[in-house]
Protein chains: 2
Amino acid sequence: MTPFKLTDELLDQIQLLIEAGKDSDLQESMQEYHYADIAEITNELDTEQATYLIKLLDSEKTSDVLTELDEDVREAILNQLTPKEIAEEIAELDSDDAADILGELPADQVQGVISNIEDKEHVKDIVELLRYDEDSAGGLMAKELVKVNENWTVLTCVKEMREQAKNVTRVHSIYVVDDEEILKGRLSLKDLLTTSTRTDIKDVYIPKVDYVRVNEKPEEVAKIMSKYDLEAIPVVDEIGRLVGRITIDDIVDVIREEADKDYQMAAGISQDVEADDSIWELTRARLPWLILGLIGGLGAAAIMGGFEEMITKHAVLFYFSPLIAAMAGNVGVQSSAIVVQGLANDDLKGSISDRLWKEMLLALFNGLILAVILLLFTWFWKGSFETALAISISLVVVIIVAGLVGTFTPLFLDRRGIDPAIATGPFITTSNDIFGILIYFTIARWILGI
Amino acid sequence: MTPFKLTDELLDQIQLLIEAGKDSDLQESMQEYHYADIAEITNELDTEQATYLIKLLDSEKTSDVLTELDEDVREAILNQLTPKEIAEEIAELDSDDAADILGELPADQVQGVISNIEDKEHVKDIVELLRYDEDSAGGLMAKELVKVNENWTVLTCVKEMREQAKNVTRVHSIYVVDDEEILKGRLSLKDLLTTSTRTDIKDVYIPKVDYVRVNEKPEEVAKIMSKYDLEAIPVVDEIGRLVGRITIDDIVDVIREEADKDYQMAAGISQDVEADDSIWELTRARLPWLILGLIGGLGAAAIMGGFEEMITKHAVLFYFSPLIAAMAGNVGVQSSAIVVQGLANDDLKGSISDRLWKEMLLALFNGLILAVILLLFTWFWKGSFETALAISISLVVVIIVAGLVGTFTPLFLDRRGIDPAIATGPFITTSNDIFGILIYFTIARWILGI
């Protein structure tokens, strides 16, 4: 497949068609594109053009386009549509996407939109989904699924399924429930292909079925689905009733967002921004961390001011302060990143003290190697073995402390229920800068005796 | 679902059963666990115990356990098995997993294993897959899929499918090919549920089908599948013949690995390591970046040595050198992270010069705010407005340069076909340390006139 590529020429051409009002040409040229591609195009149009395009195209297609748009673009377009027009879009969507879009509308518009949706079953599903926390399995799931009663025969089941399948984009598993809607097990489509129609469902279903509770965190759902290679997972309520289903495509989005967030956090960017956001949005995401870094630097400067008396005899100590701060920061970030990933992937075994002990040995080992390089460089450069030794010994201690802080902080945050990912990046760099400089000058003064 | 949690008690209990040779108890207790959970347990056993467990359990289950094990544990276990035993495991696996495991064996063992697999069709598939580069769509795909000829009727198709479906764990789409095996389109299982058996396939299949080429990069496949919400994608060779299929569970692994790699790279860890790896492995992953950081620090120290004459009158300049280095590093990492993510998600629009211009404005804006804080702090602390101003102006210039370097480097690497993710982390921090210190002292000297 030649992947779709949004070129400037294509965009110009579409804008020309919109401005000239060439509706049928426009419809025809959009025909060939996937809704995700049309969303990519629409994101680049101004609100008026985008709204024109959405109104022009069939709502069967535009409803999916809406779900793929950037949030601000979608908001602007929905603002231009009447409740009835929005209702037409939402009627075409699966309940989870419908609820997501409805959840973004101002509260006073929701009622108007809902009253314009004809399918009352669909409305009921959407309203139910609106109740769940966005950051939970309930907020991710869709109501569309195929379920059969354990008391049916395969024949009844196939008949019912044909009916239900019309509303379900992808059938993964057929869920089996009892008369109380309690989830009992599952049937695979493949099994149905190979079982006689007279069999009772009771006798063929697989009683072992993975499921999650409505209030489970999305990251947990993602972990379970990817660990067990599931493409869909049923969601049950507090008493075990089947209430929805989460599919892997939603989980792929969760994993990507989670990874993007952690990456940005490690890089000192505090909210989800993209390269094409405004300077103001980028500043809001970046400046707080820079101010934190600035405070760290001011702290380091103040500490160095306290060692002023050393500057005449040991100026060289001051030359190495950026090196010490950088090494403390780098080691801290490395250690915390490994812990953060271990926590995210659930593969941290053993106690905190074991982990700190191992990190100490590792830091000692790495620190000694680095100290030898530093010792030789400084000795040859400045000719004073004593100074070189003092700087090198300090470096080893700084690296050990930085490694321990980097290991301990995310573990501590995690125990307190705080996302450990905030520990990497500027937070650990800044505190390690201050610690590092303080330890460095203290030890150096102690060794050099001034 | 109560997620499986590997406790020390459980592990002890299993080890006791193994040591006591209580085979039937062991088999029974393993019965209830998912293969991914058994793999988690096996990873914690020593090689002898692990091999015992794998040999004891049914190869229908252990084959899947093997695919989920840590690579080093798997290697150790396979070392203990005879070619015939390995062949039994591989016979149970889908072709893609089978080829992955076979690909890890020493070349002289592969022949022995292959000759012990009875199903010659399966062997043919595996051998074909071994030919493809691991880092390509061909290396990810499986040969198991359901395909029908466009010249068949729905009835023939259903009959053939029942046969083929036996070998396919999950049927997503039915692919339609012509007599030359060229991919023509697809049928959904749902369509088959609702179409009369006498219809010709030619008349019902959907000619529009997304596919990838065998030599496509895994990250590209991941992008396409997650953009278009696909759960499986067919793979075609250079002349369009259907040769395999990639399913979303493999793509979830690709996305996770990719995210982990980028995160580690940003944190200055050069190869895939986990918290539980040995100190030696962790050192190999961490030390190179620390040495790079050390070189940056030595460079900064050497530069500061060149400004020695300023130390008597302007010692305070030296106190702020860690601050300058840290800010240069932080800004550089932020800018490069945003570009790296934009490149990864394909949402960087516009030219390089536009992007540099925007980054310059952003850096100027953020730099001015930070400079004002720094100015006030330094002025009140040291009482010299002139020095405070010199330091603050230098900071603004350093931040602008750091932002430009951070933006330009990943864009440049990307154009040269190098993974831009290496630009974040210690690489950019180190170069910005040196640049930053040099610019800072040069400008300060120029303003303060010494």
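Each residue, glycine too, has its Cβ placed from N, Cα and C.
What TrEMBL says about this one:
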DOMAIN    B:141-204  domain 'CBS'
DOMAIN    B:205-261  domain 'CBS'
TRANSMEM  B:287-307  transmembrane segment
TRANSMEM  B:319-340  transmembrane segment
TRANSMEM  B:361-381  transmembrane segment
TRANSMEM  B:387-413  transmembrane segment
TRANSMEM  B:425-448  transmembrane segment
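Of the two recorded stretches, the transmembrane segment (B:425-448) lies close to the transmembrane segment (B:319-340), with three or more CB pairs under 8 Å once pairs fewer than 6 apart in sequence are set aside. If you take every residue in the domain 'CBS' (B:205-261) and average the pLDDT, you get 91.
Counting residues per DSSP class in helix, strand and coil order gives 24 helix, 15 strand, 18 coil for the domain 'CBS' (B:205-261).
Secondary structure of the domain 'CBS' (B:141-204), assigned with DSSP and counted as helix (H, G, I), strand (E, B) and coil, comes to 22 helix, 19 strand, 23 coil.
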